[in-house]
C-alpha cells in the first residue's frame, strides 16, 4: 500500500454526480503522465486542465479466501443471465446498442444502490471501456449510459486526488495500468448486472489493498461508500510518498480512528508527525524518519495516550546537540535508530523494548523499570560507564545487545550480570576488551561473541558457569585454541575462522547443530549428543582424531579431511557410536588405504577421490548407493552382503579380486577391469552384466556367474580374449539371454552360441577376425537363432559370398551392420533376383530352410555399411521387397558411384563423404532426411534425385564443391516440403 484515496468519498461528490447525470468525459492516461513530475509527487491539475481519464479496473474476487462470498456472487451471476447466453456471447456492438437504448432516468434510478455493470470475457471480468476505437461515437455513448459513477466534466479536487494517487502509485512502482487506456478491446465482452449487498461487498473489499480500494471507489456510489469504510483505513502508510500537509490533514479528519501511521521519508515529516500525534487520538503505532524531528514532537507524544510503538530512524533529533526528553506512560516499544542526538532521557514505565542501534548519542538516561530488551549495538560514542549505567537501571532486562561497542569491559558485564538476574540473551560481538573473566550469567541462553579478541580457552571456564546456555557463537575468535564444554542444554555452537583452534570437546545430550569450518589447526573432535542428526566437517585438513557418541546421527560429511586414517571406519561401524548412521561422505580423504565398514543401518557411502584406497570391504545389508569415482588404485573389493541395485566398478582399472553378494542387484558394470581374474558374483536378480575389456576373465568364472545369476538378459564380453567354447557353452543356463556382445574376441567357432542361446535377439561380432566364412552358415542354412533381430559384423573378414548369402536368406533381421567390411561389394538386388530364387530352391527340401525372398518380405529396418571401400553400386528395386527399410547409412564409401533406391518406407539416407557419387536415383516417398556432405553431385543430379521425395524435410549439402549456396531456392522449388537446407559458403568451381 502506497497512497490513499480519501476525499473522493464525500457526499458532495455524490451530489455532483447526480447533477451531471453520471457522465464521464473521455480522457487520456498519457495526459496525466505528462503532468507528473516523475519523482513520485502527487499530480495536481489546474482548474483549466483536463483531469486524466482513469480506466475502469477489474474486480478480482478471491474464491479461495471467501467461498461464501463467491457463492453469493455466483448466485447473482447465474440468476441475471441464462447460461446459454453466456456461452453464446454477444458482440461488442450489441453491448453498445443496448447501452444506447437505456434512458438517463433508468441510469439514475436508485442511485445509491445502482448496479455495478461488470463486462466479462471468457475467463475474466473486463470494463466496458474495452470497446474498439473504431466504434467512433458509440464509445462516448457507452460511457454516457453505463458510467461507473465517476464524476463528469466538472471534476472535484477529491476525485482528482484519487486519480493522482493511483497515477503516482503506478509511476512509483514502475507498473502500467491493468486497464485498457486506449479504450479498445481485442475480445468480445458480455454485460452482467450484479446486485451486491453491503455486507457482501464489505466482505469482498476486506481482501483488497488500499490502491485497489481507491480504484473500486470509482465504479459506482455503492462501491465508493463501501470502500470508504473505516475498517479498511486504520493503517495509513505514506512511506516515501510526497503528500502535502493539507492532504494529510484531510486524511486525518476523514479517518480519526486510524491506529497506525507511517510518514517515513515524507516531506515535512516533523509537521506530519505532530499532526498525527495531536489529531489521531487512537493512534497506537507511529513510524517517522528521514528529516529533522523537533523536541516539541517528543513532548507532544505524551498527549497521545493510546500510543504503543514509536519508530524514529535516519533523523536529526532537536538540533543534534541538545538533550531530548521522552516521557510516556503507556509506550511499550521504542526504536531510535541511525539518529543524530547528543543525549537521550527516556522515562517510560511500561516500555518493554528499546533500540538505539547505530545512534551517536554519548549518554542515555533510562527510567524504564520494566524494560526487557535493550539494543545499543554500534553506538560508538557510548562510553563504558554510560553503557553500564543504562543497563543496570533496567533490572528486568532479558536481552542485551552491545555488539560493536568497543568500550565494553568485563567489569561492566559483571555489574550487569549482578543487576540483571534474568538476562537470557547477550550479544557482545566485536568487543575486543572482554574475556568474560568472573562473569556469572546463570540464566543466559544465547551468547554471541563474534570476533572477540579477548576470548581464549580460559574463557570457557566462565562460559561453563551458564548451565542454561543453548546457543554459543565463537566465530573469528583468533586466540581460541581449545573448547571443552559440558553443558546439558547446549543446542547449537558455531566455530568459524578460528585460526588457532585445535581441540573441540562437547558433552551435551541436546546438541543438535555444530558449525565448524575454516579451522586449519583443528586436530581432534569429541562429541557426545543424543540430538545431533547431521555433522558436516568439510576441509578440516589436519583433523586426525574423531570420537563420536551420537545415537541419533544420520548424516556425516567429512569431505577433504585429508589426514583422517583408517581408524575412522571403526567409529561408523555397528560397534561404534553412531548406530543410526545412514549417509557417510569421505570424498578426497587421501590418507585412507583400507576401508572396512560393518554397519546394519548405512544406506549411502561416497569415496570419491580416495585414490590411496586399495582394499574395500562392506558388510552393510542396507546400503543402496556407493560412489567410487577416482578410486583408481582399488585392488580388492568385497560386498557381502549389500542392498545395491546397480554397481559400476569400471572406474577401478586395478581391481583383481571381486566378491559380490547382492540379492537385489540388477545391473553390474565391470568395463575396464583389465586385471580382474577372480570374481564371485552372487546376484540372483542380475539382468545386465558388462565385462568389457576384462582380459583376464576366464571360462570358469563365466560359468560360475551364469550359474548364480540365471536371469541375465544382456551379457557384454567385448575384448575378453580368455573366454572360449567352455564359457560360451555355459550360456545355456541363461534362458532369458537376448543380448550378447562378443566383439573383439578370438572366437573361431560360434557353434556353442547357436546351441546355447536360442532366444538371442542381438548378436554383436565386431572385429572377430578369426571367424571363418562358414561360421555363420547355421544362420542362413540351418535356421539357427530364429529370434535374432540385430546382427553386427562390422570390421570382419567374411567373404563376399557369405555376406551375399546372409543378406539373401536372413530376411527376419531388422538391424544389420557391415561397417568397414573390406569384402563388401556391390549391393545389387536387381540383377540377382533370379539367382536368389534358384538359390532358395536348392535348400527348399530342408525343413529349416527359410522362405524364399520372392515370397517373403524382408524385415530389415536399419542397414549400416559405413566405410566399405569396395562398394561401387547400390541397387534396391521394388522386387527386393525392402518394405520395412527406414535407415540406410553408406557414408565414407569413397568408391560408391551409383545409388538407385526404391524403398517406400525409407526415412533417412546418409551418403556423406561418398566423394565418387555420380548417379543418385530415389523413389522414396517417405524420405525425410538426406545427407550428401562432401559429395561431387551436381545441382541437376540433386534436383532429379529429390524430385520424387515428397516428404523430404532435411537436405545436407555442406562441402559439396559442385553446388552453389545461391541455388538452394531451386531445391525448395523442386521439393516444397523442404524445411532445412544446409549448405556451405559458395564453393562452386569455374
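Each Cβ is built from the backbone N, Cα and C atoms, and glycine gets one as well.
As recorded in Swiss-Prot, the features of this protein are as follows:
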- 190-236: domain 'F-box' (DOMAIN)
- 317-341: repeat 'LRR 3' (REPEAT)
- 348-373: repeat 'LRR 4' (REPEAT)
- 441-465: repeat 'LRR 6' (REPEAT)
- 466-477: repeat 'LRR 7' (REPEAT)
- 478-503: repeat 'LRR 8' (REPEAT)
- 519-542: repeat 'LRR 9' (REPEAT)
- 550-574: repeat 'LRR 10' (REPEAT)
- 640-652: repeat 'LRR 13' (REPEAT)
- 785-809: repeat 'LRR 17' (REPEAT)
- 813-839: repeat 'LRR 18' (REPEAT)
- 894-914: repeat 'LRR 20' (REPEAT)
- 949-973: repeat 'LRR 22' (REPEAT)
Point to revise | Closest-packing stretch to the repeat 'LRR 6' (441-465), where packing means Cβ pairs under 8 Å, from 317-341, 348-373, 478-503, 785-809, 949-973 | key: 478-503
Revision key, fill the gap. Per the Cβ filter (under 8 Å) with a sequence gap of at least 6 from its ends, the repeat 'LRR 4' (348-373) is approached by 326-342, 379-383, 386, 389-390, 393-399, 401
Revision key, fill the gap. Residue counts for the repeat 'LRR 8' (478-503) under DSSP, helix then strand then coil, are 0 helix, 11 strand, 15 coil
Practice item. Could you give the residue numbers and ranges of same-chain residues that sit at least 6 residues beyond the repeat 'LRR 8' (478-503) on either side and whose C-beta is under 8 angstroms from one of its C-beta atoms? Key: 445, 453-457, 459-460, 463-464, 466-472, 509-525, 531
Review point. Short question: which residues 6 or more past the ends of the repeat 'LRR 9' (519-542) have a Cβ under 8 Å from it?
Key: 491, 495-513, 548-563
**Study point:** Helix, strand and coil counts within the repeat 'LRR 6' (441-465) (DSSP)
**Key:** 5 helix, 3 strand, 17 coil
